[in-house]
Amino acid sequence: MQKIVLATGNPGKVRELANLLADFGLDVVAQTELGVESAEETGLTFIENAILKARHAAQTTGLPAIADDSGLAVDALGGAPGIYSARYAGTDASDQENLEKLLVALQNVPDEKRGAQFHCVLVYMRHAEDPTPLVFHGQWPGVIAHQPAGAAGFGYDPIFYVPALGKTAAELTREEKHAVSHRGQALKLMLDALRDA
């Protein structure tokens, strides 16, 4: 089995990808298991940050790497919080603090202007000097609710309402969410590309 480093310390992401990539003969290992520190996210886009993370992990370990960068873009806020989604309320802010800051920012915004999209960019880098990393983008449209609902998921899921399903992302089962989410879409594109390779 070919070993590949996942540029994250998030055990949930590692587990999910490890199961899906095992069929392709890939053994997914979290960068934290290999003693790799997180890369500094200095890019201005999800794509730039995902490439920075993948390159850092590949450079440090000498292994192929997969990285993701994702976040929420709210129309009424010009795309914010965007690449700053995880630290919208400050560097060490909790999911709840980020969510509350977003609700305050949108408190006077009418329903028809509360459109938003979750974005996920997945990058597969064969080696640190890979001149053509594979880049996959998933986008999930929704609306920012006025109040949180649901206990599943994380981050902004409790206020990300999906009109087509009549629920927030935090009210969906893991299977329902994976079938329609930004990360699920990007992952499907990556798996299709690996299948065709």
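Along the chain as shown, residues are numbered 1 onward.
Glycine residues also receive a Cβ, built from the backbone N, Cα and C atoms like all the rest.
Summarising the annotation, Swiss-Prot assigns active site, proton acceptor to ASP69 and lists sequence analysis as the type of evidence. Following the DSSP three-state reduction, the secondary structure of ASP69 (active site, proton acceptor) is strand.
Taken from Swiss-Prot, the feature substrate binding site applies to THR8, GLY9, ASN10, PRO11, GLY12, LYS13, SER70, PHE154, GLY155, TYR156, ASP157, LYS177, HIS182, ARG183, supported by sequence analysis. Around SER70 (substrate binding site), taking its Cβ as the centre, 23 other Cβ atoms fall within 10 Å, counting all chains.
Annotation source Swiss-Prot lists Mg(2+) binding site at GLU40, ASP69, citing sequence analysis. Within the same chain, residues at least six positions away from GLU40 (Mg(2+) binding site) with a Cβ under 8 Å of its Cβ are LEU52.
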Can you give me the Cα-Cα distance between GLY155 (substrate binding site) and ASP69 (active site, proton acceptor) in Å, rounded to a whole number?
14
Please work out the number of neighbouring Cβ atoms within 10 Å of the Cβ of HIS182 (substrate binding site), leaving out its own Cβ.
26
Return the residues near ASP157 (substrate binding site) by Cβ distance under 8 Å, restricted to its own chain and a separation of at least 6 in sequence.
GLY150, THR168, ALA169, ALA170
If you measure HIS182 (substrate binding site) to ASP69 (active site, proton acceptor) at Cα, how many Å is it?
11
